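Straight from TrEMBL, here's the annotation block:
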type     : residues : note
REGION   : 23-42    : region 'Disordered'
DOMAIN   : 73-158   : domain 'TFIIE beta'
REGION   : 251-302  : region 'Disordered'
COMPBIAS : 273-283  : compositional bias 'Basic residues'
COMPBIAS : 289-302  : compositional bias 'Basic and acidic residues'
């Protein structure tokens, strides 16, 4: 048995040595890289007399001059009618007197516009709520070139302290006036608001962070009474009991506290158990007047 294994091992070793000798005898060669033009080869070619190096067929020369491939014909910046109307509103906001359409076009540098475009612009201004068109009283028939234009603010006719007080006095309700709406026709109104507040003629609600006025109400100076500073200090030193303590004291005095949550009573009250309704049982419906016909007569068979 061992001799057969030795013979197989010897034959395997001989086959492996023969295969390794064959692999050692064969050499794999790689193809050299294709030559590419280098700086040295191009310089040598120029020195030999070829002033221009050879170009491949696939290479495309780029033109020397600059070419603009895309350029918008008109960007439309500032030429839109809505944009021009917005500029006109901003310009009229700072004017106290009415202005003609020529003065507005001069501010917008639009005197060179075509007559059709100017007419379209004027019609857009007349349709805008922020601009008031005042017809020419000397003309019986108005044209697109007639009349003057004035800014129409959100709060009309308020541009000083006297007009503001008059506007607040005419109000039939106790609603406020927003400072933002006042600034639409009176941009520098904050100084006048501060002065009227110091005179106790108006009530002002301010923004917490910036302290700027936000809403304005009418006030009466005759209702204002100066409080002694010592009394203010004493008032600030009084400690107010907590909410729980106030609720307990009110309940002890048989009074209902306003801070009591009605939902607490709902949760504390026991829920009444609902009685279950007995289900109605429905039996077979029979015709009582036909009971004698439905009797079993099978026992009478012969």
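Glycine too: its Cβ is placed from the backbone N, Cα and C atoms.
Keep in mind that TrEMBL annotations are predicted by a computer and have not been checked by a curator.
Here the structure is a predicted model, which means the values were calculated and not measured.
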I need to check the long-range neighbours of the compositional bias 'Basic and acidic residues' (289-302): which residues 6 or more away from its ends have a CB within less than 8 Å of a CB in the stretch?
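The answer is none.
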Can you tell me how the residues of the domain 'TFIIE beta' (73-158) break down into helix, strand and coil by DSSP?
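Looking at the domain 'TFIIE beta' (73-158) with DSSP, the answer is 33 helix, 9 strand, 44 coil.
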For the domain 'TFIIE beta' (73-158), what's the mean pLDDT in this predicted model?
88
Looking only at the compositional bias 'Basic and acidic residues' (289-302), what are its DSSP counts of helix, strand and coil residues?
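The breakdown for the compositional bias 'Basic and acidic residues' (289-302) reads 8 helix, 0 strand, 6 coil.
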